[in-house]
Amino acid sequence: MSQVILDLQIASEQAQGLPEEKDFQRWLEGVLPQFQEVSEVTIRIVDEAESRDLNNTYRGKDKPTNVLSFPFEAPPEVELPLLGDLIICRQVVEQEAAEQEKTVEEHWAHMVVHGSLHLLGYDHIEDSEAEEMEALETEIMQSMGYADPYLAEKDGLTE
(Lines of atoms letter the chains of each structure in order from A and count residues from 1; the text may use other names and numbers.)
(Lines give C-alpha, C1' and ligand atoms only; values in the text may rest on other atoms or scores of the structure.)
Protein backbone atom coordinates (compact mmCIF):
# COMPACT_ATOMS: atom_id res chain seq x y z
CA MET A 1 0.00 0.00 0.00
CA SER A 2 1.38 3.40 -0.96
CA GLN A 3 1.78 6.21 1.52
CA VAL A 4 1.92 9.98 1.05
CA ILE A 5 3.31 12.02 3.93
CA LEU A 6 2.35 15.70 3.89
CA ASP A 7 3.98 18.51 5.83
CA LEU A 8 1.59 21.45 5.38
CA GLN A 9 2.89 24.89 6.33
CA ILE A 10 0.58 27.90 6.30
CA ALA A 11 2.68 31.06 5.97
CA SER A 12 -0.17 33.14 4.56
CA GLU A 13 -1.43 35.94 6.80
CA GLN A 14 -4.99 34.87 6.09
CA ALA A 15 -5.58 31.17 6.66
CA GLN A 16 -9.36 31.43 6.37
CA GLY A 17 -10.76 30.06 3.15
CA LEU A 18 -7.76 27.87 2.36
CA PRO A 19 -8.34 24.23 1.44
CA GLU A 20 -8.12 21.87 4.40
CA GLU A 21 -5.14 19.61 5.03
CA LYS A 22 -7.24 16.60 4.00
CA ASP A 23 -7.80 18.24 0.59
CA PHE A 24 -4.07 18.71 0.00
CA GLN A 25 -3.54 15.12 1.13
CA ARG A 26 -6.20 13.84 -1.30
CA TRP A 27 -4.71 15.79 -4.21
CA LEU A 28 -1.23 14.44 -3.52
CA GLU A 29 -2.66 10.92 -3.26
CA GLY A 30 -4.22 11.44 -6.68
CA VAL A 31 -0.75 11.88 -8.19
CA LEU A 32 2.09 10.32 -6.26
CA PRO A 33 1.20 6.65 -5.57
CA GLN A 34 1.30 5.82 -9.27
CA PHE A 35 4.96 6.88 -9.34
CA GLN A 36 6.41 5.66 -6.05
CA GLU A 37 5.41 3.62 -2.99
CA VAL A 38 6.19 6.19 -0.28
CA SER A 39 6.35 9.94 -0.90
CA GLU A 40 6.94 12.86 1.42
CA VAL A 41 6.11 16.39 0.30
CA THR A 42 6.09 19.76 2.03
CA ILE A 43 3.46 22.22 0.84
CA ARG A 44 3.98 25.79 2.01
CA ILE A 45 1.16 28.28 1.41
CA VAL A 46 2.57 31.79 1.10
CA ASP A 47 1.53 35.33 0.33
CA GLU A 48 2.65 37.33 -2.70
CA ALA A 49 5.75 38.85 -1.05
CA GLU A 50 7.34 35.48 -0.24
CA SER A 51 6.34 34.02 -3.61
CA ARG A 52 7.83 37.01 -5.42
CA ASP A 53 11.06 36.81 -3.41
CA LEU A 54 11.50 33.08 -4.07
CA ASN A 55 10.54 33.42 -7.75
CA ASN A 56 13.08 36.23 -8.15
CA THR A 57 15.82 34.36 -6.26
CA TYR A 58 15.43 31.00 -8.01
CA ARG A 59 13.97 31.88 -11.41
CA GLY A 60 15.02 35.49 -11.97
CA LYS A 61 11.38 36.60 -12.29
CA ASP A 62 10.45 39.56 -10.10
CA LYS A 63 6.78 38.71 -9.60
CA PRO A 64 4.74 36.25 -7.56
CA THR A 65 3.83 32.96 -9.21
CA ASN A 66 1.24 30.26 -8.62
CA VAL A 67 3.50 27.35 -7.65
CA LEU A 68 7.22 26.78 -7.26
CA SER A 69 8.62 23.26 -7.05
CA PHE A 70 11.85 22.42 -5.29
CA PRO A 71 12.74 18.75 -5.84
CA PHE A 72 14.86 17.09 -3.16
CA GLU A 73 18.00 15.49 -4.51
CA ALA A 74 19.49 12.99 -2.08
CA PRO A 75 23.01 11.67 -2.49
CA PRO A 76 22.96 8.47 -4.60
CA GLU A 77 23.69 6.22 -1.62
CA VAL A 78 20.81 7.65 0.46
CA GLU A 79 17.28 6.43 -0.18
CA LEU A 80 14.63 8.75 1.21
CA PRO A 81 10.96 9.14 0.26
CA LEU A 82 11.31 12.95 0.34
CA LEU A 83 10.24 14.36 -3.03
CA GLY A 84 10.62 18.02 -2.20
CA ASP A 85 8.71 21.22 -1.50
CA LEU A 86 5.84 23.00 -3.20
CA ILE A 87 5.45 26.72 -2.53
CA ILE A 88 1.97 27.87 -3.52
CA CYS A 89 0.87 31.51 -3.51
CA ARG A 90 -2.67 31.89 -2.27
CA GLN A 91 -3.43 35.22 -3.99
CA VAL A 92 -2.12 34.10 -7.39
CA VAL A 93 -4.13 30.86 -7.24
CA GLU A 94 -7.31 32.75 -6.36
CA GLN A 95 -6.73 35.39 -9.06
CA GLU A 96 -5.99 32.79 -11.75
CA ALA A 97 -9.06 30.76 -10.79
CA ALA A 98 -11.25 33.82 -11.38
CA GLU A 99 -9.49 34.69 -14.66
CA GLN A 100 -9.80 31.11 -15.93
CA GLU A 101 -13.41 30.77 -14.76
CA LYS A 102 -12.60 27.80 -12.51
CA THR A 103 -13.57 27.15 -8.93
CA VAL A 104 -10.85 28.03 -6.45
CA GLU A 105 -10.83 24.40 -5.24
CA GLU A 106 -10.30 23.16 -8.77
CA HIS A 107 -7.34 25.48 -9.29
CA TRP A 108 -5.77 24.57 -5.92
CA ALA A 109 -6.03 20.91 -6.91
CA HIS A 110 -4.45 21.67 -10.28
CA MET A 111 -1.54 23.55 -8.70
CA VAL A 112 -0.83 20.60 -6.36
CA VAL A 113 -0.97 18.15 -9.29
CA HIS A 114 1.15 20.43 -11.52
CA GLY A 115 3.76 21.06 -8.82
CA SER A 116 3.90 17.37 -7.86
CA LEU A 117 4.65 16.41 -11.44
CA HIS A 118 7.53 18.91 -11.44
CA LEU A 119 8.86 17.22 -8.28
CA LEU A 120 8.74 13.93 -10.19
CA GLY A 121 10.83 15.40 -13.01
CA TYR A 122 8.18 16.48 -15.52
CA ASP A 123 8.60 19.84 -17.23
CA HIS A 124 6.98 22.02 -19.88
CA ILE A 125 9.87 23.96 -21.38
CA GLU A 126 9.69 22.21 -24.76
CA ASP A 127 6.36 21.85 -26.57
CA SER A 128 6.55 18.06 -26.56
CA GLU A 129 7.22 18.06 -22.79
CA ALA A 130 4.34 20.47 -22.25
CA GLU A 131 1.94 18.26 -24.21
CA GLU A 132 2.97 15.18 -22.21
CA MET A 133 2.73 16.98 -18.87
CA GLU A 134 -0.60 18.64 -19.67
CA ALA A 135 -2.10 15.33 -20.82
CA LEU A 136 -0.99 13.69 -17.58
CA GLU A 137 -2.35 16.59 -15.50
CA THR A 138 -5.68 16.35 -17.31
CA GLU A 139 -5.85 12.58 -16.76
CA ILE A 140 -5.06 12.93 -13.04
CA MET A 141 -7.48 15.82 -12.51
CA GLN A 142 -10.28 13.95 -14.27
CA SER A 143 -9.57 10.82 -12.20
CA MET A 144 -10.27 12.96 -9.12
CA GLY A 145 -13.53 14.29 -10.58
CA TYR A 146 -12.30 17.64 -11.89
CA ALA A 147 -12.54 19.10 -15.38
CA ASP A 148 -9.65 19.39 -17.82
CA PRO A 149 -7.57 22.21 -16.26
CA TYR A 150 -6.57 23.45 -19.71
CA LEU A 151 -10.10 23.64 -21.11
CA ALA A 152 -10.21 27.46 -20.91
CA GLU A 153 -6.98 27.69 -22.95
CA LYS A 154 -8.30 25.22 -25.50
CA ASP A 155 -11.50 27.25 -25.77
CA GLY A 156 -9.51 30.46 -26.22
CA LEU A 157 -10.57 32.06 -22.93
CA THR A 158 -7.01 32.65 -21.70
CA GLU A 159 -3.56 33.06 -23.16
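Each Cβ is built from the backbone N, Cα and C atoms, and glycine gets one as well.
Database features, via Swiss-Prot:
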BINDING   His114, His118, His124  Zn(2+) binding site
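Positions of Swiss-Prot features highlighted on the structure.
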residue : record              : Cβ contacts under 8 Å, 6 or more apart
His114  : Zn(2+) binding site : Val67, Met133, Glu137, Pro149
His118  : Zn(2+) binding site : Val67, Ser69, Pro71
His124  : Zn(2+) binding site : Ala130, Met133, Glu134
CB-centroid shell, 8 A cutoff, Zn(2+) site His114, His118, His124, site residues removed:
Val67, Ser69, Gly115, Leu117, Tyr122, Asp123, Met133, Glu137
